[in-house]
């Protein structure tokens, strides 16, 4: 099941649990606006290349629309639509005053030079500048993009609208980015894990972890879980997977990676088959990479007692049903990986106020938001007798539905 079908299915289940009016349900599912643009740029060799860019603005009932821009060869309208919709529910679960959006360009960023990426970003911004804005739609980095991409977007947008630091988040610190933003999603994953384990009388310290993905989210989650006393016994990324039942020395692994080494060449662990990573015996499994990695084929063999969805849509609905029967507790993506959008909100607030926070304040506020959201999800689970995924979806959908009704949606 693709991401759009799965997200829509979860939404419909939540709408039924909440008893939403059928017309309101249909209205909430329809995107506010879908944008498709052709971005033609001169390449370094003098030829012209054309790339297709997308921006889906899903809902703005609770505030400006918010969501990442990804550069990836498989960016397609269905995926962008699903992720935009997911952002609507995610921002509502986190209680930040945003709606959902998502965008992307179908390209392979690794095959483009820095100057080609800059030209592509600027042309894309030129095509959508009148449809984004501080109080309209606020982009952020995503897969294949980073703080530099946001700096180029900010600069290009400002040529049309004047200096507007709050138009994008995830910027470099020197251009109004927030301290703590780089680690935010991984730190949010750690806070979410703490909240869930505490509910079952456990803690990060003394628990064993397997982490799939060692990019921004996976590496920060690994470092912070390690600092809290968690034992990471296996992890992997696209280059390979490693394990050490005594626990991997994460600071040593980070140094190895920062020095240009591949995971599989790290001396403090043994290489393992990447296909076995997700079914490795552990207390907590943290998928931090691509969607759809837990499916009906491997779910029966998963040995973890808890799954923390740090990636977007890592668990197919069929796998969800298998986990429910096995008693595996899944903490859903729309809550577990919301640390990034929460600190993006803090960055936006700081830019609008022109008053920057220190990192301790950012991290303390993030912990408050993650803790509060978990308590609200648990309350929904209790009142509707549902699992954590439906608890989170009903919480998000209910908040958006209430805002939509209060604003008067039928006029």
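Just so it is clear, glycine is given a Cβ too, placed from its N, Cα and C backbone atoms.
Those TrEMBL annotations? Automatic predictions, nothing curated.
Pulled from TrEMBL, these are the features on record:
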- 66, 90, 344: substrate binding site (BINDING)
- 102: active site, proton donor (ACT_SITE)
- 142: site 'Important for catalysis' (SITE)
- 185, 216: NAD(+) binding site (BINDING)
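Structural mapping of features recorded in TrEMBL.
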| residue | record | Cβ contacts under 8 Å, 6 or more apart |
| --- | --- | --- |
| 66 | substrate binding site | 87, 91, 96, 98, 99, 100, 101, 137, 138, 140, 341, 344, 345 |
| 90 | substrate binding site | 100, 333, 334, 335, 338, 341, 396 |
| 102 | active site, proton donor | 55, 56, 58, 67, 68, 70, 80, 81, 83, 84, 86, 87, 142 |
| 185 | NAD(+) binding site | 216, 217, 220, 310, 337, 339, 340 |
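The binding residues for substrate are recorded as 66, 90, 344; their greatest pairwise CA distance is 13 Å. Residue environment of residue 216 (NAD(+) binding site) contains 18 other Cβ atoms, counted within 10 Å of its Cβ in all protein chains. The Cβ of residue 344 (substrate binding site) has 28 neighbouring Cβ atoms from other residues within 10 Å, across all protein chains displayed. Close to the recorded substrate site, the chain also has 67, 87, 91, 94, 96, 98, 100, 140, 338, 340, 341, 342, 345: residues not among 66, 90, 344 whose Cβ is within 8 Å of the site's Cβ mean position.
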